[in-house]
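Listed in TrEMBL for this protein:
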- LYS120, GLU121, ASP150: UDP-alpha-D-glucose binding site (BINDING)
- LYS295, ASP319: Mn(2+) binding site (BINDING)
Amino acid sequence: MESQRSGSGREETLNGSPHLKAPLNTLHVDRCTPAHRVHALLYAGAILGLVCHRLTSILASSSLAEGWMLLAELVLAFMWGCSRAFKWRPVRRREFPDRLPEGGAWPKLDVFVCTADPRKEPPVGVVSTALSAMAFEYPAGNLSVYVSDDGGADVTLFAFMEGARFARHWLPFCRENGVQVRSPEVFFASSSSSSSGCSAGGGDADKLKVMYQNMVQRVEDVMEKGIHVDSVELDLSEEQQQIFKRWKEYSGNNHPSIIQVLLKSNEDKDITGQAMPNLIYFSREKRPGFPHHFKAGSLNSLLRASSILTNAPLILTIDCDMYSTDPTSPQRALCYFLDPIASNKLAYVQFPQRFQGLNKSDIYGGELKHLYKMNPYGMDGFGGPNYLGSNTFLSRRALFDSSLEGESGRDLLEPEKVLEMATKVAACNYETGTKWGKTVLFFLPHYLLLLHKLSIKILYLHSYFEIICILLFWKM
């Protein structure tokens, strides 16, 4: 990644403490800004001339058609003017993860992966999404991955039990071979391991592929035939058998809160003896007659439950059909969360979505370049918000005042009392008579993130990975 320095005609600021010689991030105005402004002014003059001509024609002929033409031109001119705002002051940012302190000083991170229906969102794909997050280049003891299953499906829990076993082999493989795309579904679907960013692996990759295919086959068999707890092929422990026996009494919209800790970083190790990240399955209570508010309600419940279990100061939300293409993404976000000046006011950092399966020219505009690549530059310099609903690192304290803030980043606990507390806050009637989902946190029907007493500023990080970063600042 090449350094971007500002020339004499551009302005540059260094985000961070003024006395630091090595800031964690930089900002400068795009070099094409003067050209964009000149073009906008010339075009605006042409539009003004057209409007004057149209007014003259209307006064001369009093034609109704001329009036409608003027109205149409004014509407189009307004739309054009709004779009020009994005190019008035586009800015570019760069972050320096190599300047971060040692990993032991990084804050703990809770990752939320949300799914709802195993028929529409295959559990194997959800597992791959979670594994790509578990494989972040982040201290395992500081990383917890939560899977929010809003469908309460036993096959999803079974898939993650299988995924927890596979993770013991997958994580060290990615770490030792420099795999860039750490979603096993994408990695093994590519024509060769090297196309997914693996510089080595050889026979190990072939063995892992067989292991992964066997896992996929077992999950698909359960999808088709259901879970038979006595089946030798499923290889369920006695505890797991008891879990799935109780599941027979549940349905997707009528079940109690379910929390299963599948991996614990202070106990579970991978095949190389390294600690594993925490992996927790979560399904909030659902009962007929109680509104559940879809994904927003699920995130609210998971936010409360995670504050009791791990309470990490940072949260990452990911949709279940996505995966990380950069295992250092959390480090890039930390370049803002650990900034000496911005950290106390920073609320969240957001990454863009990238799309696969598009034709070469993207003739249908499926990549949404204006939303993810073009407009954010101008919004950054213009100070406008653009929350996209996923791929977002959030500061927990910006969402709500947790009573456990002083214990932020604790090790995962599993005594009965702690799980009982987490189960209670995931109850379907917990939000009744409260402000949850109304003035703070996630809100439907429009799925907006509402942060209490906040003003908004958006940043766009221009780097090799083209990271979008949105910062929200508390009002002082």
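Counting begins at 1 with the first residue displayed.
Note: Cβ is positioned from N, Cα and C throughout, glycine not excepted.
Of all the binding-site residues in the list LYS120, GLU121, ASP150, the shortest Cα-Cα distance to ASP319 (Mn(2+) binding site) is found for GLU121. You'll find the Cα of LYS295 (Mn(2+) binding site) roughly 8 Å from the Cα of ASP150 (UDP-alpha-D-glucose binding site).
Counted over every protein chain shown, other Cβ atoms within 10 Å are most numerous around ASP150 among the binding-site residues GLU121, ASP150, ASP319. Least packed by the Cβ count within 10 Å, out of the binding-site residues LYS120, LYS295, is LYS120.
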